[in-house]
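Just below is one structure, and these are the notes that go with it.
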Amino acid sequence: MTSHDPKAVTRRTKVAPTKRMSRFLKHFTVVGDDYHTWNVNYKKWENEEEEEEPAPTSAEGEGNAEGPDAEAGSASTPRQSLDFRSRLRKLFSSHRFQVIIICLVVLDALLVLAELLLDLKIIEPDEQDYAVTAFHYMSFAILVFFMLEIFFKIFVFRLEFFHHKFEILDAFVVVVSFVLDLVLLFKSHHFEALGLLILLRLWRVARIINGIIISVKTRSERQILRLKQINIQLATKIQHLEFSCSEKEQEIERLNKLLKQNGLLGDVN
């Protein structure tokens, strides 16, 4: 009869949901993510659960030591002065920018809902329709900001922008919504595309989900980087302690030999 390792079974139960999550998150990559690395190495989510193995051998330790040194070397390269594209790239990858985008998307969704309630007469509008006009122009201003965001993202990331499906879909929704909203500005009557416009604008709530995922992923990457740095420091400290212990052991052996040679070891014991 074959014996089942309970630890292996537990590991498989942990890996299964992690594997599903990794396959789901790889479709939510955005500009700034390493597209090829994410698609090739997305199994790192499940591999993290399988890293509970014995300590590496000396050869592996040397290999691992080369890795941090290489990373430290690459990180210690002098920073060049940031040009306009580099500053924009840093801005688009920042956590604060994602929070601003989420807030604007929420505000845009609320404005569209308010317009919808006024159009359906659920909320009685004023006689001059000032509220509808104000909501519409505010929503259009937010769309202009999103259009500028897409333009500068394409300017900064170029072909990398088109490697991310979610960015393409989000850009499509923004552009179509912008065109329809622009037509509505010059049309006094409501036309048949108004329902499509509302549907597209409300669909952008998915951007909120994407922003939350990016924020969580960014914080996780920062935490992983911090833990790696702590791990490197602890590994260096362990090496120093092991070297110090070996020196102490050699010194003890040398002193024991001297005691034996002088016949003092028995008296000491």
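Count begins at 1; order follows the chain as displayed.
Just so you know, glycine gets a Cβ as well, placed from its N, Cα and C.
So that you can see what the record holds, here are the features copied from Swiss-Prot:
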- 221-261: coiled coil (COILED)
- T29: phosphothreonine (MOD_RES)
- S93: phosphoserine (MOD_RES)
- 46-79: region 'Disordered' (REGION)
- 1-96: topological domain 'Cytoplasmic' (TOPO_DOM)
- 118-134: topological domain 'Extracellular' (TOPO_DOM)
- 158-165: topological domain 'Cytoplasmic' (TOPO_DOM)
- 187-193: topological domain 'Extracellular' (TOPO_DOM)
- 215-269: topological domain 'Cytoplasmic' (TOPO_DOM)
- 97-117: transmembrane segment (TRANSMEM)
- 135-157: transmembrane segment (TRANSMEM)
- 166-186: transmembrane segment (TRANSMEM)
- 194-214: transmembrane segment (TRANSMEM)
How many other Cβ atoms are found within 10 Å of the Cβ atom of S93 (phosphoserine), counting all protein chains shown?
15
Contact set, same chain, for the transmembrane segment (135-157): CB under 8 Å, 6 or more residues outside the stretch:
31-32, 85, 88-89, 92, 101, 104, 107-108, 111-112, 114-115, 118, 167, 171, 174-175, 177-178, 181-182, 184-185, 201
How do the residues of the topological domain 'Cytoplasmic' (158-165) split into helix, strand and coil according to DSSP?
7 helix, 0 strand, 1 coil
Just give the helix, strand and coil counts over the topological domain 'Cytoplasmic' (215-269), going by DSSP.
51 helix, 0 strand, 4 coil
